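Per TrEMBL, the features are:
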DOMAIN    6-121  domain 'Tetrahydrofolate dehydrogenase/cyclohydrolase catalytic'
DOMAIN    140-292  domain 'Tetrahydrofolate dehydrogenase/cyclohydrolase NAD(P)-binding'
BINDING   GLY166, ALA167, SER168, ILE236  NADP(+) binding site
Amino acid sequence: MSAKIIDGKKVAGITRDEVRQDVEDWLDAGNRPPFLQVLLVGNDPASNVYVGAKTRACKEVGIETDTHRLPDTVSAKELKKTIHRFNDDDSIDGILVQLPLPSHLSSHDVIEAIDHKKDVDGFHPMNVGRLTVGQPSFRSCTPAGIFELFKYYSIPTKGKHAVVVGASNIVGRPISIMLSKEDSEGKATTTICHKYTKDLTAHTISADILIVAAGQPNLVKGEMVKEGVVVVDVGINRVADETKEKGYTLVGDCHFESVQEKASWITPVPGGVGPMTVAMLMKNTLLAAKRSIYPE
Ligand code: NDP
(Lines of atoms letter the chains of each structure in order from A and count residues from 1; the text may use other names and numbers.)
(Lines give C-alpha, C1' and ligand atoms only; values in the text may rest on other atoms or scores of the structure.)
Protein backbone atom coordinates (compact mmCIF):
# COMPACT_ATOMS: atom_id res chain seq x y z
CA MET A 1 0.00 0.00 0.00
CA SER A 2 1.18 3.52 -0.69
CA ALA A 3 -0.54 6.16 1.38
CA LYS A 4 -2.75 8.90 0.01
CA ILE A 5 -1.58 12.33 1.06
CA ILE A 6 -3.64 14.41 3.49
CA ASP A 7 -3.03 17.81 1.95
CA GLY A 8 -3.10 20.27 4.84
CA LYS A 9 -2.07 23.16 2.66
CA LYS A 10 -5.09 22.67 0.41
CA VAL A 11 -7.60 22.19 3.24
CA ALA A 12 -6.13 25.16 5.15
CA GLY A 13 -6.61 27.27 2.01
CA ILE A 14 -10.27 26.23 1.84
CA THR A 15 -10.73 26.95 5.57
CA ARG A 16 -9.11 30.38 5.22
CA ASP A 17 -11.37 31.17 2.23
CA GLU A 18 -14.39 30.28 4.37
CA VAL A 19 -13.15 32.50 7.21
CA ARG A 20 -12.48 35.36 4.75
CA GLN A 21 -16.07 35.10 3.48
CA ASP A 22 -17.43 34.96 7.05
CA VAL A 23 -15.40 38.03 8.01
CA GLU A 24 -16.80 39.86 4.97
CA ASP A 25 -20.35 38.95 5.99
CA TRP A 26 -19.58 40.05 9.55
CA LEU A 27 -18.38 43.44 8.30
CA ASP A 28 -21.34 43.77 5.91
CA ALA A 29 -23.60 43.35 8.93
CA GLY A 30 -22.06 46.53 10.36
CA ASN A 31 -19.51 45.05 12.74
CA ARG A 32 -15.88 46.10 13.17
CA PRO A 33 -13.13 43.71 11.97
CA PRO A 34 -12.04 40.96 14.38
CA PHE A 35 -8.83 41.85 16.22
CA LEU A 36 -6.07 39.46 17.33
CA GLN A 37 -3.50 40.71 19.83
CA VAL A 38 -0.24 38.75 19.71
CA LEU A 39 2.30 38.92 22.54
CA LEU A 40 5.85 37.92 21.69
CA VAL A 41 8.45 37.68 24.44
CA GLY A 42 12.12 37.68 23.41
CA ASN A 43 13.60 37.04 20.02
CA ASP A 44 13.42 33.30 19.40
CA PRO A 45 13.88 32.84 15.61
CA ALA A 46 11.30 30.03 15.29
CA SER A 47 8.74 32.07 17.28
CA ASN A 48 9.35 35.02 14.97
CA VAL A 49 8.64 32.79 11.97
CA TYR A 50 5.43 31.42 13.52
CA VAL A 51 4.17 34.87 14.52
CA GLY A 52 4.98 36.16 11.02
CA ALA A 53 2.91 33.33 9.46
CA LYS A 54 -0.01 33.97 11.83
CA THR A 55 -0.13 37.72 11.27
CA ARG A 56 0.14 37.30 7.48
CA ALA A 57 -2.76 34.85 7.59
CA CYS A 58 -4.80 37.32 9.66
CA LYS A 59 -4.34 40.08 7.10
CA GLU A 60 -5.24 37.70 4.30
CA VAL A 61 -8.67 36.92 5.83
CA GLY A 62 -9.46 40.44 7.03
CA ILE A 63 -8.58 40.02 10.71
CA GLU A 64 -6.72 42.97 12.18
CA THR A 65 -3.72 42.19 14.32
CA ASP A 66 -0.90 43.72 16.32
CA THR A 67 2.23 42.11 17.75
CA HIS A 68 3.30 43.48 21.10
CA ARG A 69 6.96 42.65 21.76
CA LEU A 70 8.49 42.39 25.21
CA PRO A 71 12.15 41.72 26.03
CA ASP A 72 13.12 38.22 27.23
CA THR A 73 14.04 39.77 30.58
CA VAL A 74 10.43 40.85 31.25
CA SER A 75 9.15 39.91 34.72
CA ALA A 76 6.09 37.71 35.19
CA LYS A 77 4.40 40.66 36.90
CA GLU A 78 5.01 43.01 33.97
CA LEU A 79 3.91 40.42 31.42
CA LYS A 80 0.70 39.68 33.29
CA LYS A 81 0.00 43.39 33.67
CA THR A 82 0.19 43.70 29.88
CA ILE A 83 -2.15 40.72 29.46
CA HIS A 84 -4.66 42.22 31.93
CA ARG A 85 -4.61 45.44 29.90
CA PHE A 86 -5.47 43.44 26.76
CA ASN A 87 -8.17 41.53 28.68
CA ASP A 88 -9.85 44.82 29.59
CA ASP A 89 -9.65 46.27 26.08
CA ASP A 90 -12.99 45.68 24.33
CA SER A 91 -11.46 46.30 20.91
CA ILE A 92 -9.34 43.13 21.32
CA ASP A 93 -11.19 39.88 20.56
CA GLY A 94 -8.41 37.31 20.81
CA ILE A 95 -5.11 37.17 22.69
CA LEU A 96 -2.25 34.87 21.76
CA VAL A 97 0.96 34.56 23.77
CA GLN A 98 3.54 32.91 21.54
CA LEU A 99 5.18 29.91 23.23
CA PRO A 100 7.73 28.89 24.35
CA LEU A 101 8.43 31.56 26.95
CA PRO A 102 11.86 32.23 28.47
CA SER A 103 12.60 29.75 31.27
CA HIS A 104 12.04 32.22 34.13
CA LEU A 105 8.36 32.52 33.14
CA SER A 106 5.74 29.86 33.82
CA SER A 107 3.60 29.29 30.72
CA HIS A 108 0.81 27.91 32.97
CA ASP A 109 0.69 31.16 34.96
CA VAL A 110 0.85 33.32 31.87
CA ILE A 111 -1.88 31.39 30.03
CA GLU A 112 -4.10 31.55 33.10
CA ALA A 113 -3.76 35.34 33.11
CA ILE A 114 -5.50 35.52 29.72
CA ASP A 115 -9.27 36.05 29.83
CA HIS A 116 -10.55 32.60 28.77
CA LYS A 117 -13.12 34.33 26.56
CA LYS A 118 -10.22 35.72 24.51
CA ASP A 119 -8.06 32.56 24.65
CA VAL A 120 -8.09 31.78 20.92
CA ASP A 121 -5.25 29.25 21.34
CA GLY A 122 -7.56 27.19 23.56
CA PHE A 123 -4.84 26.59 26.18
CA HIS A 124 -6.56 28.18 29.22
CA PRO A 125 -7.61 25.60 31.85
CA MET A 126 -11.20 26.86 31.53
CA ASN A 127 -11.24 25.98 27.82
CA VAL A 128 -9.42 22.68 28.32
CA GLY A 129 -11.80 21.78 31.16
CA ARG A 130 -14.88 22.70 29.15
CA LEU A 131 -13.58 20.67 26.21
CA THR A 132 -13.11 17.70 28.54
CA VAL A 133 -16.69 17.82 29.87
CA GLY A 134 -18.23 18.59 26.46
CA GLN A 135 -19.07 22.27 26.98
CA PRO A 136 -18.51 24.84 24.17
CA SER A 137 -14.90 26.03 24.33
CA PHE A 138 -12.06 27.37 22.24
CA ARG A 139 -10.39 24.22 20.96
CA SER A 140 -6.62 24.06 20.72
CA CYS A 141 -5.78 24.91 17.10
CA THR A 142 -3.62 21.92 16.14
CA PRO A 143 -6.05 19.21 17.35
CA ALA A 144 -8.99 21.15 15.89
CA GLY A 145 -7.11 21.32 12.58
CA ILE A 146 -6.54 17.57 12.61
CA PHE A 147 -10.30 17.02 13.01
CA GLU A 148 -10.94 19.34 10.05
CA LEU A 149 -8.62 17.15 7.98
CA PHE A 150 -10.49 14.00 9.05
CA LYS A 151 -13.76 15.69 8.11
CA TYR A 152 -12.52 16.88 4.71
CA TYR A 153 -11.15 13.46 3.73
CA SER A 154 -14.08 11.57 5.34
CA ILE A 155 -11.71 9.63 7.58
CA PRO A 156 -13.82 8.02 10.31
CA THR A 157 -12.65 7.88 13.93
CA LYS A 158 -15.71 6.21 15.47
CA GLY A 159 -14.86 2.83 16.96
CA LYS A 160 -11.24 3.00 15.78
CA HIS A 161 -8.19 2.52 17.96
CA ALA A 162 -6.45 5.90 18.03
CA VAL A 163 -2.92 6.04 19.42
CA VAL A 164 -1.43 9.41 20.32
CA VAL A 165 2.34 9.64 20.80
CA GLY A 166 3.08 12.72 22.92
CA ALA A 167 1.15 14.07 25.88
CA SER A 168 1.74 17.83 25.79
CA ASN A 169 -0.97 20.27 26.82
CA ILE A 170 -1.04 21.86 23.39
CA VAL A 171 -1.25 18.80 21.12
CA GLY A 172 -1.13 15.27 22.58
CA ARG A 173 -3.50 15.68 25.50
CA PRO A 174 -6.23 17.76 23.79
CA ILE A 175 -6.27 15.57 20.67
CA SER A 176 -6.59 12.49 22.90
CA ILE A 177 -9.56 14.08 24.65
CA MET A 178 -11.20 14.99 21.35
CA LEU A 179 -10.60 11.52 19.91
CA SER A 180 -12.03 9.80 22.96
CA LYS A 181 -15.13 11.97 23.26
CA GLU A 182 -18.36 10.09 23.24
CA ASP A 183 -20.52 12.93 21.97
CA SER A 184 -20.10 14.99 18.80
CA GLU A 185 -16.69 13.87 17.61
CA GLY A 186 -14.08 11.22 18.24
CA LYS A 187 -15.76 8.12 19.60
CA ALA A 188 -12.43 6.32 19.25
CA THR A 189 -10.74 4.06 21.77
CA THR A 190 -7.72 6.12 22.65
CA THR A 191 -4.25 5.27 23.91
CA ILE A 192 -1.84 8.05 24.87
CA CYS A 193 1.91 7.38 24.92
CA HIS A 194 4.78 9.46 26.29
CA LYS A 195 8.45 9.21 27.18
CA TYR A 196 7.84 6.63 29.87
CA THR A 197 5.75 4.34 27.70
CA LYS A 198 7.39 0.93 27.69
CA ASP A 199 7.59 -0.65 24.26
CA LEU A 200 6.14 2.13 22.10
CA THR A 201 5.82 -0.26 19.13
CA ALA A 202 3.41 -2.49 21.06
CA HIS A 203 1.00 0.46 20.97
CA THR A 204 1.72 2.06 17.59
CA ILE A 205 1.41 -1.28 15.77
CA SER A 206 -2.21 -1.66 16.89
CA ALA A 207 -3.27 1.85 15.86
CA ASP A 208 -5.95 2.41 13.23
CA ILE A 209 -5.23 6.12 13.62
CA LEU A 210 -1.79 7.24 14.75
CA ILE A 211 -1.12 10.82 15.83
CA VAL A 212 2.56 11.54 16.46
CA ALA A 213 3.45 14.73 18.34
CA ALA A 214 6.68 14.04 20.20
CA GLY A 215 9.17 16.43 18.60
CA GLN A 216 11.54 13.52 17.82
CA PRO A 217 12.64 13.13 14.19
CA ASN A 218 12.04 9.65 12.74
CA LEU A 219 10.64 8.31 16.02
CA VAL A 220 8.03 6.20 14.21
CA LYS A 221 9.25 3.92 11.42
CA GLY A 222 7.45 1.66 8.97
CA GLU A 223 7.95 -1.49 11.03
CA MET A 224 6.11 0.16 13.96
CA VAL A 225 2.76 0.56 12.15
CA LYS A 226 0.19 -1.78 10.64
CA GLU A 227 -1.07 -1.84 7.06
CA GLY A 228 -3.82 0.69 6.39
CA VAL A 229 -3.14 2.96 9.37
CA VAL A 230 -4.02 6.67 9.10
CA VAL A 231 -0.96 8.67 10.18
CA VAL A 232 -0.98 12.28 11.31
CA ASP A 233 2.55 13.54 11.80
CA VAL A 234 2.44 16.71 13.90
CA GLY A 235 6.19 16.97 14.51
CA ILE A 236 8.20 19.81 13.04
CA ASN A 237 11.92 19.22 13.50
CA ARG A 238 14.86 21.08 12.03
CA VAL A 239 17.51 18.59 10.93
CA ALA A 240 20.91 19.90 9.81
CA ASP A 241 21.27 19.70 6.03
CA GLU A 242 24.24 21.33 4.31
CA THR A 243 22.64 20.94 0.88
CA LYS A 244 19.91 23.41 1.87
CA GLU A 245 20.37 27.17 1.73
CA LYS A 246 19.02 27.53 5.28
CA GLY A 247 21.32 24.77 6.52
CA TYR A 248 18.44 22.54 7.66
CA THR A 249 15.52 20.46 6.43
CA LEU A 250 12.15 20.27 8.17
CA VAL A 251 11.11 16.74 9.03
CA GLY A 252 8.30 15.24 11.04
CA ASP A 253 8.32 12.65 13.80
CA CYS A 254 7.73 9.80 11.35
CA HIS A 255 10.14 8.26 8.89
CA PHE A 256 7.98 9.30 5.95
CA GLU A 257 9.23 6.87 3.27
CA SER A 258 8.81 3.68 5.31
CA VAL A 259 5.58 4.71 7.06
CA GLN A 260 3.82 5.85 3.89
CA GLU A 261 4.42 2.42 2.32
CA LYS A 262 2.06 0.88 4.89
CA ALA A 263 -0.34 3.71 5.70
CA SER A 264 -3.63 4.37 3.93
CA TRP A 265 -3.40 8.12 4.60
CA ILE A 266 -0.54 10.29 5.81
CA THR A 267 0.18 13.98 6.45
CA PRO A 268 3.43 15.29 4.96
CA VAL A 269 5.84 17.59 6.81
CA PRO A 270 5.77 20.40 5.85
CA GLY A 271 2.33 20.95 4.31
CA GLY A 272 0.29 18.72 6.62
CA VAL A 273 -0.84 19.79 10.06
CA GLY A 274 1.11 23.08 10.27
CA PRO A 275 -1.04 25.13 7.84
CA MET A 276 -4.20 23.83 9.55
CA THR A 277 -3.03 25.14 12.91
CA VAL A 278 -2.83 28.67 11.52
CA ALA A 279 -6.19 28.34 9.73
CA MET A 280 -7.89 27.22 12.94
CA LEU A 281 -6.46 30.23 14.77
CA MET A 282 -8.24 32.43 12.23
CA LYS A 283 -11.45 30.50 12.82
CA ASN A 284 -11.13 30.85 16.62
CA THR A 285 -10.47 34.59 16.36
CA LEU A 286 -13.62 35.06 14.32
CA LEU A 287 -15.57 32.99 16.90
CA ALA A 288 -14.15 35.28 19.60
CA ALA A 289 -15.21 38.42 17.71
CA LYS A 290 -18.70 37.02 17.28
CA ARG A 291 -18.79 35.98 20.97
CA SER A 292 -19.95 32.60 19.64
CA ILE A 293 -18.41 30.43 22.37
CA TYR A 294 -19.13 32.78 25.28
CA PRO A 295 -22.16 34.94 24.45
CA GLU A 296 -22.36 38.24 26.35
P1 NDP B 1 6.43 18.85 23.81
O2 NDP B 1 7.90 18.73 23.86
O3 NDP B 1 5.73 19.81 24.70
O4 NDP B 1 5.79 17.42 24.10
C5 NDP B 1 6.29 16.26 23.49
C6 NDP B 1 5.56 15.07 24.05
O7 NDP B 1 6.11 13.91 23.42
C8 NDP B 1 5.75 14.87 25.54
O9 NDP B 1 4.54 14.41 26.10
C10 NDP B 1 6.82 13.80 25.64
O11 NDP B 1 6.70 12.94 26.76
C12 NDP B 1 6.55 12.98 24.40
N13 NDP B 1 7.75 12.30 23.93
C14 NDP B 1 8.98 12.81 23.73
N15 NDP B 1 9.83 11.86 23.30
C16 NDP B 1 9.11 10.71 23.24
C17 NDP B 1 9.42 9.39 22.89
N18 NDP B 1 10.65 9.05 22.50
N19 NDP B 1 8.43 8.47 22.93
C20 NDP B 1 7.18 8.80 23.32
N21 NDP B 1 6.82 10.04 23.67
C22 NDP B 1 7.78 10.99 23.63
O23 NDP B 1 6.08 19.11 22.30
P24 NDP B 1 4.75 19.69 21.58
O25 NDP B 1 3.58 18.82 21.88
O26 NDP B 1 4.65 21.13 21.80
O27 NDP B 1 5.15 19.48 20.06
C28 NDP B 1 5.44 18.21 19.53
C29 NDP B 1 5.94 18.36 18.12
O30 NDP B 1 4.90 18.92 17.34
C31 NDP B 1 7.12 19.32 17.96
O32 NDP B 1 7.93 18.84 16.90
C33 NDP B 1 6.48 20.63 17.58
O34 NDP B 1 7.35 21.45 16.82
C35 NDP B 1 5.34 20.14 16.74
N36 NDP B 1 4.19 21.03 16.71
C37 NDP B 1 3.63 21.22 15.50
C38 NDP B 1 2.52 21.99 15.37
C39 NDP B 1 1.91 22.13 14.03
O40 NDP B 1 1.11 23.03 13.84
N41 NDP B 1 2.24 21.23 13.09
C42 NDP B 1 1.92 22.69 16.50
C43 NDP B 1 2.54 22.38 17.76
C44 NDP B 1 3.65 21.56 17.84
P45 NDP B 1 6.75 13.44 28.29
O46 NDP B 1 5.38 14.04 28.54
O47 NDP B 1 6.95 12.22 29.08
O48 NDP B 1 7.87 14.42 28.35
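In case you wondered, yes, glycine gets a Cβ from its N, Cα and C as well.
On the 0 to 100 pLDDT scale, the domain 'Tetrahydrofolate dehydrogenase/cyclohydrolase catalytic' (6-121) averages 97 in this prediction. The DSSP secondary structure for ILE236 (NADP(+) binding site) is coil.
In this record, NADP(+) is bound by GLY166, ALA167, SER168, ILE236; the longest C-alpha to C-alpha distance in that set is 16 Å.
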